[in-house]
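What follows is a single structure, written as structure tokens, with notes after it.
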Amino acid sequence: MGSLKNEKEMEETVEESKEAILYVNGVRKVLPDGLAHLTLLEYLRGVGLTGTKLGCGEGGCGACTVMISHYDRKLRKCVHYAVNACLAPLYSVEGMHVITVEGVGNHKRGLHPIQESLARSHGSQCGFCTPGFIMSLYALLRSSQTPPTEEQIEESLAGNLCRCTGYRPIVDAFRVFAKTSDVLYADISSLSLQEDEFVCPSTGKPCSCGSKTVNDIDTNGQIICSASYKPISYSEIDGSTYTDKELIFPPELLLRKLTPLNLSGLGGLKWHRPLTVKHVLELKEKYPNAKLLIGNTEVGIEMRLKKMQYKVLISVSHVPELNMLNVKEDGIEIGAAVRLTELLNLFREVVTQRPAHETSACKAFIEQLKWFAGTQIKNVASVGGNVCTASPISDLNPLWMAARAKFQIINFSGNIRTTLAENFFLDYRKVDLVADEILLSIFLPWTRPFEYVKEFKQAHRRDDDIAIVNAGMRVCLEEIGEEWVVSDASVAYGGVAPRSLGAIKTKEFLIGKKWNQHVLQGALNVLRADIELKEDAPGGMVEFRKSLTLSFFFKFFLWVSHQIEGKKSIKESLSSSHLSAIKSFHRPPLVASQDYDIKKHGTSVGLPEVHLSSKLQVIGVVVADTHENAKLGAAKVHVEYEELPAILSIEDAVSAKSFHPNSQKILRKGDVELCFQSDQCDMIIEGKVQVGGQEHFYLEPQSSLVWTMDGGNEVHMISSTQAPQKHQKYVSCVLGLPMSKVVCKTKRIGGGFGGKETRSAFLAAAAAVASYLMNRPVKLTLDRDIDMMTTGQRHSFLGKYKVGFTDEGKVLALDLQIYNNGGNSLDLSLAVVERAMFHSDNVYEIPHVRIFGSVCFTNFPSNTAFRGFGGPQGMLIAENWIQRIALELKKSPEEIREINFQGEGSILHYGQRLEYCTLAQMWNELKSACDFLKVREEVNEFNLHNQWKKRGVAMIPTKFGISFTTKFMNQAGALVNVYTDGTVLVTHGGVEMGQGLHTKVAQVAASAFNISLSSVFISETSTDKVPNASPTAASASSDMYAAAVLDACKQIKARMEPIASQRNFSSFAELATACYLERIDLSAHGFYITPDIGFDWSIGKGKPFNYFTYGAAFAEVEIDTLTGDFHTRTANIFMDLGYSLNPAIDVGQVEGAFIQGLGWVALEELKWGDAAHKWIRPGCLYTCGPGSYKIPSLNDIPFKFSVSLLKGHPNVKAIHSSKAVGEPPFFLASAVLFAIKDAIIAARAETGHTEWFPLDNPATPERIRMACLDEFTAPFISSDFHPKLSV
């Protein structure tokens, strides 16, 4: 076959080199021998390029994305692509050019248009994920010969995760780089547009959406558009303006001859880079246990997470024979080292060039590769690597099997044999390769006329997720008489056995049969016996996985039948309602709107200013000179445990009466028992609600750097924490030092969401002990899996309710018992259950209430604070019984909600009176904006005509109390210094973690002094500047710290007033200098306490909250009843935020909270080793990284995403009439959950099931699909089946 034709030519270069060079941001680097154990990320951060972040270490979050450039000798051009630096071995990029975010642009030499657009669009909050997003788009733009489409831009971001923004502003920022009209790409700047003509970034066409732009005039008199949606013309982002700033490909690398490498690493690790197949085979013969590498996307995970040790690594990415791509008359020959991105591009090319009937398999691969992984993974992962790894959930292997692919295998002697893909996979991770063989290439034949190949996959999340079940199916039909008869077939599944599994009996049954409804039913019956899954099968979800095998084949049958309709005679045609099962999904471009008033106060407050920043138990720490040595040391620690009975669920704890001491509380209003016993209640219902937990998944893991000063007399630290004072206190305690000698500083953190309020402190204390004893700096950063296993999550809850109501739906009495899973220490669990009790009414007027709350002691790591702090769990339980009332009365849930709304003056079940209640007005505005009644009718009509796709809608209100429920924590301090040049330095006790706290505080200071925002600088948060600060939590930080800063500003202004009144000063700098000369103190400490709050638990009455933030949301979803997949078609959110301090930041908080809430209600499932998951080791967390735990990706945001802020309602209770925003919108994502349930109700009604059913959160594909009872679930479950949930 000629694959070794260059062997003689290459023999001369077999002598291996130890010289390795690399260019980083245009700078030549010589890589010494001995670094084979390092990843590119470790190297980059080690040389000070810390813009590239470590988020997960497994290629799952994209925070480490960089661009790689190299000269492709086959294509004779430079290629540019994004990679995950956390997986790329350092030596794998030898001879290449690496560009990091520092090489794209910075404040010193100017921001790149990508960076500027992202900042102006408010697309960066905590900023930790921002470099990764920038590099993904930068690589796309550098690699595109023509401007990319919006779809290509979104696809390039599939491997990047963001936990803060909700993705919408990122999409808005990047879509201006897409070609949507020729206006942006003409050789003109945006300033040459006609007067008053604005180019919309959504459409690329002139429109009026920018008509409200606020214009400023610079010192040269030129008008500068200051709106966040300023268009960026193509000439500005890829033209002469920036040409001289882009880093070129180093000429040395163009001329440099590729050489084989022989390098080493820590622990005797050997790294080889051969350049011929012959050399590869020689190395494999010499080192039989060596691992062949291309992208390191599998081996890297095995070595880092699974602790597998490989002594010899052979990089085969530069072997020409393994990189061939030949399009032949009978099919395509694909080298084993071909990257998936290359393969995808080839398939897309041949589909346009070959006859349609030949490329059915190619089209299936195109679809499967789209959802295979993020772009960074596909850019380096190889075809052969995926095949030979033989993962039982490989997306591609079932397709190779179904598509009649042949694998070509070469041995040490150069002999080549061929085997069919369907015979290649033998057992778990075992393939038909003997010790002296490697996979050389794959041959994919063209499909024949009337031969159809189709792919299937169902995962927890569409983008960048491993499959729960996948499949490849093929059928070849021939016409005999007037019938279509199956001449050949193949059905293969992944995710149902230890290997990719061919359904042999089903294949045999199909061949020779007529293609009609009878063969469908027969095949389904055979398939049930063909695919066997044991009850304790790894991965769980056995019933769901079994049903998917049938659903996939049913979809395949309908798809093939649809393909052959009209081609020749066919007796059976598909009904229109069946077509919904095979309608392919195409995500439309995002349509988003943000509607708010700008209430300007002073120079800055109220303006949408740009964000200023844009089972396992810890028993000790190992301290070492390098990170690698520390991990090796920790791995050598062996601990022997005595196995004791464990409590691993709330139900177990309740049965065993296992509660934390003094953690049981009660709230009462009216007389519940009397109401139930009287004849006031027409109906009484009882039930229980399970509420799932949630991992914080802040992009920056827990981290602290500790060092000593003054000979060990003082300890200083920089920590990623929401509570620097807590770190100061813990370190002081463990070291026996006074707090005055311990300083904790925090500049900003990469997300917190409550997870760094208390759980970060014990890690700082551990690092401090080591630093103090050795008198050396110590840094402790948790790996993502350890972080998730040890630091706790959102509390899971169990609610048991009894509700009495009238025939009209008016709720009269609620008796509720709520339990949360506190874990093995109390932490904040009591305060969490208390807030859940406060919010258990949501927004509903209930005359008689009794609520018991308890914190369960279990043998899990201690759970902790998370955005909402128990409030969302309490409200979710309430909305469950509201919907059940609606079902019992055959009314809409929205009607039940409306007739039970609280209003102005309502007395809550804990004694607080509602003031300035805007709930009803906001609800009505939302109902009008989304045209609820019309959409409801449209959804009903859609459901009537689509059997296998159903839509649902829901409207959900919320009321969230603002204040710490512990009174003493409602205090804040700040330090303000005015300098003689007119600039202002502000330090306060709050922590910037992406929520825009520093920006808002700076705006308040700027407005107070009537100066520009650029004159105010926010310094780091530090315990030696502002003492005794409360944690940055409870959504109250802007209220408190802005008020403390304003207090300090007022003090300084009062001191300046006598000087200012003497004459007119030309500038604030001049005034400051005059005050200084008059010896006026220009520094002040400000302080604020939240007034008129307090609660007495001994009587269960008081005023725990300063005020309430109200909101309401509408959601429309569409579900696939056969697979459980769903899409959020529309989300419309209304929030009452008073007069916003910064509406752009507040809108970003609303969107980010909603998408994080969407993860909680529909995507993110924690799976612990408990009675519900016996396939997991008891007490262990299975979902401990982005590979198994899925937060929302860009693909999960609603198609239409609108946020509106209620207008004309100032809040008299907080600074400048604003309201808190961080936590209140989170619960509104439950509108998606209840819309999903609405859709399921429609599906169940078609099979005669109209009874109440529970739907736990998260509503994963498993829960959605198994609730949609039909003929494909009937063989496996009963109508009351309830998927398992770790609570």
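Keep in mind that glycine also has a Cβ here, set from the backbone N, Cα and C atoms.
Feature annotations, courtesy of TrEMBL:
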type	residues	note
ACT_SITE	E1223	active site, proton acceptor
BINDING	C126, C129, C162, C164	[2Fe-2S] cluster 2 binding site
BINDING	Q722, F753, R867, A1034	Mo-molybdopterin binding site
DOMAIN	18-104	domain '2Fe-2S ferredoxin-type'
DOMAIN	264-449	domain 'FAD-binding PCMH-type'
If the [2Fe-2S] cluster 2 site is taken as the center of the Cβ atoms of C126, C129, C162, C164, which further residues of that chain fall within 8 Å of it by their Cβ?
S124, Q125, G127, F128, T130, R163, T165, L699, G750, G751, G994, G1152
If you measure R867 (Mo-molybdopterin binding site) to E1223 (active site, proton acceptor) at Cα, how many Å is it?
5
Of C126, C129, C162, C164, which binding-site residues come within 10 Å of A1034 (Mo-molybdopterin binding site), going by C-alpha to C-alpha distance?
none
Which of these recorded positions is closest to C164 ([2Fe-2S] cluster 2 binding site) if you go by CA atoms: Q722, F753, E1223?
F753
Can you tell which of the binding-site residues C129, Q722, F753 lies nearest to E1223 (active site, proton acceptor) in space, using Cα positions?
F753
If you pair up every Cα among Q722, F753, R867, A1034, the residues annotated as binding Mo-molybdopterin, what's the maximum separation in angstrom, rounded to an integer?
13
Given the binding-site residues C126, C129, C162, state which is nearest to F753 (Mo-molybdopterin binding site) when distance is taken between Cα atoms.
C126
Extra residues within 8 Å (Cβ to Cβ centroid of Q722, F753, R867, A1034), Mo-molybdopterin:
G752, G754, G755, E757, A865, F866, F869, T1032, A1033, S1035, G1222, E1223
Please report the distance from the Cα of C162 ([2Fe-2S] cluster 2 binding site) to the Cα of Q722 (Mo-molybdopterin binding site), rounded to the nearest angstrom.
19
Neighbouring C-beta atoms (10 Å sphere around the C-beta of A1034 (Mo-molybdopterin binding site)):
27
Is it possible to get the count of other C-beta atoms within 10 angstroms of the C-beta of Q722 (Mo-molybdopterin binding site)?
27
For a three-state summary based on DSSP, what are the helix, strand and coil counts in the domain '2Fe-2S ferredoxin-type' (18-104)?
15 helix, 31 strand, 41 coil
Do me a favour and check the Cα-Cα span between Q722 (Mo-molybdopterin binding site) and C126 ([2Fe-2S] cluster 2 binding site); whole Å is fine.
13
Inside 10 Å of the Cβ of C126 ([2Fe-2S] cluster 2 binding site), count up the other Cβ atoms and send me the figure.
27
